[in-house]
């Protein structure tokens, strides 16, 4: 019997280990075929909690599919003795249905309550990762287009951290590109000798950026001067470095305020950080025979791409490709990252595919994209307005991110005040402000994260702040209800955890217990697939299971009060961990 069965988090992985042992015993020459265990679909749930298709896979390889049911029976008979499995059956073309032991489920939940939710953390085959997210361009105000990268990246970082991975949260800001040449030259022309004094706020920068961009497009002489300015800045010319530093200072301070409001931690290493490494990186690539001359530029041609990776432009300047190549080298060789995750919009997919292709050509990354060290591009769609076009203000401007946060909080506060009046509920001003912020920002984050990141979605304040359905408001309300049930019981939960026992006799009790145990496998799935929406889907399902349990199973004052209070506590603990991983602050009153 496996000694740590009750303490190990991922139930699916434990079942796969048991089936792998049985396959090795039953058909030793097929032991290389790995068993895959999946949650039973709604249709097949009457047969079991999980299904394993190992017999069908082996017989498919043998080209003898009709033998799968008999092999499935043999495999189930030779399963190692385990507290986890209550029974197995074989149905259809060879599906092995697994019923998890109810007493084992109860013991596992009791163990988590005693030893903490970290005992359910999944383990990943990687120790150190860099997650590159947020990454706004310096000199530009953070807007609605930055929210997806910021909150998706933050959630991926949180899930990896929970799984025991050391995560470097990297803010790769654009602080070295063409827009700096435009702004600095515009300053020189309009504020000669007092460039830095002309800059005090992010609003000043925004205005200068718009003016310089318009001039860059219409005036070829100014365009050429701006491009030369970038080369001089990248070369370290102090005349250009001084206003550049002032621009960075103003922009960095403004970005920090927004990021802090989102409760996101980031370490900045912008494009300019990699300047000292560029020459040696290009030299290394050149020594491998990978760098070629093309129209005066130095490039790397990557198979499958008509446009090469641009290392040095024909004017001697560096490009986005240059700094990303140097950054990838630094993360692999200096920071020793085993997994580098880039969270950007889908429009940059070709760029990253070309970058990773060049890295494989150089031998920095293995040929197999699924082995470590590895680099992954987490791409996402755009946020749409209710007209299914890119989300903008009524004036067709890009919506500043700070405005989005302010509006979410304002609407959340209005809804809380209305609910308080209806329920004759009293709030202190501080309570109201903190709860409005937690609910408003949480609603904004969840409305984004619950969607598969690969798709675009329509933004709606009304939808995201609804208190019914798949919204953060509903989930937070469910959490407050659990807290209220436990508080009304008057019981000391710490003492109850030590002395109480869980019994999952009724169908709704058992369904809730099984859902709780599927937390670890969900986090692992969401991590390995880099899909935060899987965690959102789990959290909503957990809330639905709890609602059904609470509706059909009386808690306080029942004969099963202790067991059911412990189930309430376990649900609240798992919900709070899900909120944490999603960057949402839990509330205890609504």
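Heads up, the Cβ atoms here are built off N, Cα and C, so glycines get one too.
Just so you know, TrEMBL annotations are computer predictions that nobody has curated.
What TrEMBL says about this one:
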- 13-100: domain 'Arginyl tRNA synthetase N-terminal' (DOMAIN)
- 475-590: domain 'DALR anticodon binding' (DOMAIN)
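According to DSSP, the secondary structure content of the domain 'DALR anticodon binding' (475-590) in residues is 85 helix, 0 strand, 31 coil. If you average pLDDT over the domain 'DALR anticodon binding' (475-590) in this model, you get 97.
Taking DSSP states H, G and I as helix and E and B as strand, the domain 'Arginyl tRNA synthetase N-terminal' (13-100) has 39 helix, 19 strand, 30 coil.
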